[in-house]
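The next block holds one structure in the form of structure tokens; read it before the comments.
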């Protein structure tokens with residue numbers, strides 16, 4: 001088992017190939033929950049063309065993940081360890097905490113979804129859903145996820161490749177049976193919605209739920225890439241690995257929304273999707289759904305532990321695992337047993353998560369693009385708590401972006417406040433480092 005406290009890799013340990021990232025991100029995005037994304041897109045009152053365009057453009061946000069992956073290749077460090085360069089060793093704590101909550105939140109969403117799939121499988125064998133059965137289903141799936149802590153990086157890559165081939169193939173078969181349920185007359189009859197008040201919010205919803213959310217884990221896996229691997233190959237493998245399954249699954253959701261009423265707000269969307277399949281196909285579908293959600297949980301748990309390690313708390317690995325075990329107990333059981341409003345909680349969670357991540361990613365990528373890509377990440381910058389405790393530009397920029405978005409959230413659509421957050425945080429940070437950019441350029445020029 002890889003100890004997450006040993007988080008900065010040496011060049012000799014970086015033996016990964018770009019195709020490893022393709023399998024990593026393909027397997028992480030074959031979850032059937034993407035079909036619900038398609039239904040939610042249609043609920044924004046969009047035409048068929050607009051909905052498919054969102055399904056096409058939204059997953060392309062994984063270009064962000066691909067580009068952010070380059071910093072991991074260059075430094076050998078996880079994402080939120082490198083984030084110390086932009087925010088300071090201690091200043092990084094708040095954005096890292098938001099990233100950790102986001103990762104734990106996503107992990108809990110996926111564990112909840114996996115539990116719902118198991119409940120549907122139990123239903124197929126004649127067991128009626130009850131609170132005790134929900135607990136048993138959760139216990140089985142959460143136990144499977146927690147068992148993944150024993151995976152080394154090599155084992156994880158092999159597992160993701162296995163899930164890509166086997167469950168990716170099953171998912172494609174399921175999609176082939178779902179598509180004929182499309183009510184084409186209904187779809188082509190949908191009127192176009194406003195490009196500003198309908199299309200952009202739908203697009204931002206998908207971007208937040210796909211590329212923007214996963215950017216915080218980009219370097220957790222690219223840090224194993226050799227420095228010799230080209231930037232283009234890394235970006236292409238990451239983007240293609242995520243885009244292919246996401247577009248197919250979300251696009252199918254757009255088609256299925258024409259036939260299945262209430263899909264976007266269903267308490268158990270997995271069961272509702274299965275209801276339109278032939279009876280003999282249901283078990284295959286549920287197995288594909290379970291296999292699709294599992295690899296998302298594997299890498300979600302690993303990234304969550306890496307973010308926790310970036311807090312420099314010096315806790316034992318067993319303690320870190322216990323913390324995550326408690327959280328993926330409380331949150332999913334609350335959603336499954338107490339709240340009974342899975343999709344409502346999910347969409348609220350995404351809206352607030354997007355704000356904190358947008359502010360962070362703007363600063364992180366500007367720091368990498370204009371400073372670290374050329375000057376690199378020094379050991380003291382990432383590991384010495386007294387060398388750069390607070391980077392005022394990063395901390396203030398993040399606070400300005402987040403606070404502005406929280407204020408604007410009450411007055412405007414998400415299609416505006418997320419881009420505004422990016423501009424405010426990124427713009428402020430860029431202004432604050434202009435002198436450093438000039439100094440770095442002069443040093444590079446003198447060396448050349």
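Start at 1 and count along the chain as shown; that gives each residue its number.
Even glycines carry a Cβ here, placed using N, Cα and C.
Taken from TrEMBL, the feature transmembrane segment covers 21-42 (among others). Packing against the transmembrane segment (21-42) from elsewhere in the chain are residues 51, 54-55, 58-59, 62, 65, 69, 110, 113, 117, 156-157, 159-161, 163-164, 167-168, 171, 174, 178, 190, 202, 205-206, 209-210, 214, 221-222, 225, 234, 237-238, 240-242, 244-246, 249-258, 260, 263-264, 266, 269-270, 273, 285, 288-289, 291-293, 295-296, 299, 343, 347: each is 6 or more residues past its ends and has a CB under 8 Å from a CB in it.
Taken from TrEMBL, the feature transmembrane segment covers 48-70 (among others). Listed by sequence, the residues of this chain that lie at least six past the ends of the transmembrane segment (48-70) yet keep a Cβ under 8 A from its Cβ atoms are 21, 25, 29, 37-38, 41-42, 79, 187-188, 190, 192-193, 195, 198-199, 202-203, 205-207, 209-212, 214-215, 217-219, 221-222, 225, 231, 234-239, 241-243, 246-247, 250-251, 253-254, 361, 364-365, 368, 373.
Listed as Cβ neighbours of the transmembrane segment (91-121) (distance under 8 Å, sequence separation of 6 or more from its ends, same chain) are residues 31-33, 79-80, 83-84, 129, 133-134, 137-138, 140-142, 144-145, 213, 216-217, 268-271, 274, 283, 286-287, 289-290, 293-294, 296-297, 300-301, 303-304, 307-308, 310-311, 324, 327-328, 331-332, 335-336, 342, 346, 349, 353, 356-357, 359-360, 389-392, 394-395, 398. According to TrEMBL, the transmembrane segment annotation covers 91-121 (among others).
Here TrEMBL flags 133-150 (among others) as transmembrane segment.
Under the heading transmembrane segment, TrEMBL lists 162-180 (among others).
Positions annotated as transmembrane segment by TrEMBL: 192-214 (among others). Sequence-distant contacts of the transmembrane segment (192-214) (same chain, at least 6 residues past either end, Cβ-Cβ under 8 Å): 25, 28-29, 37, 40-41, 44-47, 49-51, 53-55, 57-65, 102, 106, 242, 246, 250, 347, 350-351, 353-354, 357-358, 361, 413-416, 418-419.
What TrEMBL records for 234-257 (among others) is transmembrane segment.
Using a Cβ-Cβ cut-off under 8 Å and counting only residues 6 or more beyond its ends in the same chain, the transmembrane segment (277-301) has close neighbours at 24, 27-33, 103, 106-107, 110-111, 113-114, 117-118, 120-121, 124, 144-146, 148-149, 151, 156, 159-160, 163, 166-167, 170-171, 173-174, 177-178, 217, 220-221, 270, 324. According to TrEMBL, the feature transmembrane segment maps to 277-301 (among others).
Residues annotated as transmembrane segment in TrEMBL: 321-343 (among others).
Counting residues 6+ beyond its ends, the transmembrane segment (349-370) has Cβ neighbours under 8 Å at 64, 67-68, 70-71, 79, 82-83, 85-87, 95, 98-99, 101-102, 105, 109, 204-205, 208-209, 212-213, 215-216, 394, 397-398, 401-402, 405-406, 409, 414, 417-418, 421-426, 429-430, 433, 437, 440 in the same chain. The transmembrane segment annotation in TrEMBL covers 349-370 (among others).
Residues or ranges marked as transmembrane segment in TrEMBL: 390-408 (among others).
With a threshold of 8 Å between CB atoms, the same-chain residues lying at least 6 positions outside the transmembrane segment (414-431) that come near it are 86, 196-197, 199-201, 203-205, 207-208, 351, 354-355, 358-363, 365-367, 370, 393-394, 396-398, 400-402, 404-405, 408. Per TrEMBL, transmembrane segment is recorded for 414-431 (among others).
Scored on C-beta pairs under 8 angstroms, the neighbour of the transmembrane segment (234-257) with the top count among 133-150, 162-180, 390-408 is 162-180. If you look at the transmembrane segment (162-180), the same-chain residues 6 or more away from its ends with a CB under 8 A from one of its CBs are 23, 26-27, 30, 32, 35, 245, 248-249, 252, 255-256, 273, 276-278, 281, 284-285, 287-289, 291-292, 294-295.
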